[in-house]
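First up is the structure itself, then whatever we jot down about it.
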Amino acid sequence: MKKANLKEATKARELSMLLAVVSGSGENQEFEGRITVYVTVCVIIAAFGGLMFGYDVGISGGVTFMDDFLKKFFPVVYKKKQHAHENNYCKYDNQSLQLFTSPLYIAALIASFVASKVCSKAGRKPTVQIASIFFLIGVVLTAGDLNIEMIIFGRIFLGFGVGFANQAVPLFLSEIAPTNIRGALNISFQLFITIGILLSNLVNYFTANIHPHGWRISLGIAGIPASMLCVGSILICETPTSLIERHKVEKGRKVLRKIRGVENVDDEFDSIVHACEMARQVKDPFRKLMKPVSRPPLVIAICMQIFQQFTGINAVMFYAPVLFQTVGFGNDAALLSSVITGLVNVFSTIISIYLVDKAGRRILLLEACVQMLISQVIISIILFKGLKATGANLSKGEAIFVVVLVCTFVMGFAWSWGPLGWLIPSETFPLETRSVGFAFAVSTNMLFTFVIAQAFLSMLCKMQAGIFFFFAAWIIIMGVFTWFLLPETKGVPVDSMVDKVWKQHWFWRSFVAEDEFRTDVKVV
């Protein structure tokens with residue numbers, strides 16, 4: 001009897017290995033196709049979701065810096081800012097002011113789980129369309145605001161848009177892109193975020209001197225990318241994977257031919273059909289996600305989002321004008337310095353697009369940890385020595401050096417933890433848990449973005465220059481995590497992650513082995 005059970009278990013294991021080989025074969029194969037104009041247009045339109053997100057990240061800090069905005073909605077902050085003996089670190093410390101920025105991220109956190117369901121049941125395209133409508137409502141409310149309550153509601157609707165866009169767009173890009181440039185097109189989402197930040201800094205630079213409604217113009221211009229996303233989302237196609245997953249098989253084949261620009265798409269089509277059939281065997285993706293075999297990509301996805309925020313990048317991007325005024329720049333110079341960091345952000349992300357499939361993920365992350373750590377520590381030392389709570393600011397040379405260090409920090413982030421924080425979760429989850437797994441990544445990102453947005457100005461007031469030491473300590477933790485727990489996934493097929501990555505890793509293989517043992521026992 002024992003021999004029979006052992007024989008059955010062996011057969012089950014062999015069948016499992018055979019399925020793994022079959023499912024992985026499509027990923028290793030170069031499918032026929034080319035980069036079509038239609039795919040390029042679809043990618044650009046979808047990436048406008050990232051542009052909208054980035055524009056909001058940048059515009060928030062600039063608007064909270066404008067005197068006309070502060071006088072209308074935050075007079076206490078305005079008076080503190082104008083005080084003759086103001087505290088250099090505390091003049092913007094106001095919970096209501098931080099509440100202007102942070103509701104967006106709580107709304108996005110909640111929306112990401114709803115968007116996950118919509119993505120699976122209705123498709124990627126409708127999810128992007130819903131995101132654009134939320135964006136438009138949010139823009140109308142914030143740009144036309146009459147009171148602080150209207151602002152907060154507007155920010156909440158913008159948050160719904162961010163949650164839906166951040167859930168759908170990376171999945172859309174991953175599924176529509178040709179296999180050989182999937183990594184680069186995924187990072188285009190982050191590239192558009194950086195472009196949005198740059199555009200917002202440019203807009204703030206020019207509208208800061210338009211009185212008394214420059215802030216309304218800054219917020220209202222967000223309607224342009226929101227409108228382009230809304231109109232463009234009508235023109236884009238649904239992804240073949242989503243169509244086939246929802247039993248629209250022949251339509252999926254037709255769309256695949258259209259986006260690849262060739263008639264013979266049988267190999268790729270068969271690969272997608274097989275992946276969808278395997279995914280349908282999983283009736284409860286959330287339960288599957290909680291199993292040990294899913295632990296490695298889930299833990300890594302969540303940790304990547306936490307670390308991304310605790311680099312301090314959003315603190316810098318949200319409040320760059322405030323930060324640069326704190327170290328001694330005037331109003332216009334502070335905004336101009338933010339434009340400079342925005343340019344650095346964009347060009348460094350382009351470098352990431354070029355290097356990610358050549359150098360690999362780990363080397364970019366580890367190099368950036370060293371670069372960001374050095375920048376943060378030197379900034380802390382300069383501020384500790386030269387910028388007291390009250391009194392004179394830094395010298396002009398010291399202030400310029402701080403801007404250079406901030407640019408060095410942004411550069412390191414932009415070619416590593418920024419784009420890879422989204423790319424790695426999108427390539428490590430299998431199809432059956434991809435949507436719900438990515439929802440966990442998005443919601444974690446939004447949660448910790450909220451924490452930083454709500455706490456940064458108070459932390460700056462209480463910790464002063466020590467805030468940069470705080471973020472530097474987190475960067476050390478990130479480097480240790482990457483070195484020991486983050487395996488290289490460059491060039492590894494999605495369906496081969498378990499065999500080629502997790503089973504080979506000194507730590508994660510124990511979780512995969514435990515899941516295999518449970519599977520064998522169940523079969524016996």
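Note that Cβ sites are derived from N, Cα and C of the backbone, with glycine treated the same way.
What TrEMBL records for 42-490 is domain 'Major facilitator superfamily (MFS) profile'.
Residues or ranges marked as transmembrane segment in TrEMBL: 35-55 (among others). Distant neighbours of the transmembrane segment (35-55): 128, 131-132, 135, 161-162, 165-166, 168-169, 172-173, 176-178, 181, 185, 188-200, 221-222, 225-226, 228-229, 232-233, 235-237, 258-261; these residues of the same chain sit at least 6 beyond its ends, with a Cβ under 8 Å from one of its Cβ atoms.
The transmembrane segment annotation in TrEMBL covers 97-115 (among others).
The transmembrane segment annotation in TrEMBL covers 127-144 (among others).
Residues annotated as transmembrane segment in TrEMBL: 150-173 (among others).
Residues annotated as transmembrane segment in TrEMBL: 185-203 (among others).
The transmembrane segment annotation in TrEMBL covers 215-237 (among others). Within the chain, the transmembrane segment (215-237) has long-range Cβ neighbours (under 8 A, six or more residues past its boundaries) at 38, 41-42, 45-46, 48-49, 51-52, 55-56, 59, 62-63, 66, 68-69, 125, 128-129, 131-133, 135-136, 138-140, 142-144, 161, 165, 172, 176, 196, 200, 203-204, 207, 255, 258-259.
Under the heading transmembrane segment, TrEMBL lists 298-322 (among others).
Sequence annotations record features per position, and here TrEMBL assigns transmembrane segment to 334-356 (among others).
Sequence-remote contacts of a segment are chain residues at least 6 beyond its ends whose Cβ falls under 8 Å from one of its Cβ atoms, and for the transmembrane segment (363-387) they are 88-89, 311-312, 326-328, 352, 355-356, 393-395, 398, 401-402, 405-406, 408-409, 411-413, 415-417, 420, 464-466, 468-469, 471-472, 475-476, 478-479, 482-483, 486. Per TrEMBL, the feature transmembrane segment maps to 363-387 (among others).
When Cβ-Cβ distances below 8 Å are used as the criterion, the transmembrane segment (399-424) is approached by residues 170, 183, 186-187, 189-191, 193-194, 300-301, 304-305, 307-308, 311-313, 316, 320, 323-324, 327-329, 337, 340-341, 344-346, 348-349, 351-353, 355-356, 361, 364-365, 367-369, 371-372, 374-376, 378-379, 382-383, 393, 441, 445, 478, 486, 489 of the same chain, each at least six residues removed from its ends. Taken from TrEMBL, the feature transmembrane segment applies to 399-424 (among others).
TrEMBL lists 436-457 (among others) with the feature transmembrane segment.
The transmembrane segment feature in TrEMBL is assigned to 463-486 (among others). Among residues of the same chain six or more beyond the transmembrane segment (463-486), those with a C-beta under 8 A of the stretch's C-beta atoms are 89, 300, 303, 307, 310-312, 315, 361-362, 365-366, 369-370, 372-373, 376-377, 379-380, 383-384, 387, 389, 417, 424, 456, 507-508.
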Where else in the chain does the transmembrane segment (150-173) make close Cβ contacts, counting only residues six or more beyond its ends and a cut-off under 8 Å?
42-43, 46-47, 49-50, 52-53, 56, 73, 99-101, 103-112, 114-116, 118-119, 124-125, 127-128, 130-135, 137-144, 185-186, 188-189, 226, 229, 236, 239, 422, 426, 434-435, 438-439, 442-443, 445-446
Against which stretches of its own chain does the transmembrane segment (334-356) lie, if we need a Cβ under 8 Å and a gap of at least six residues from its ends?
58, 61-62, 65, 183-184, 187-188, 190-191, 194-195, 197-202, 204-205, 208, 316-317, 320-322, 324-325, 364, 403, 406-407, 410-416, 418-420, 423, 490
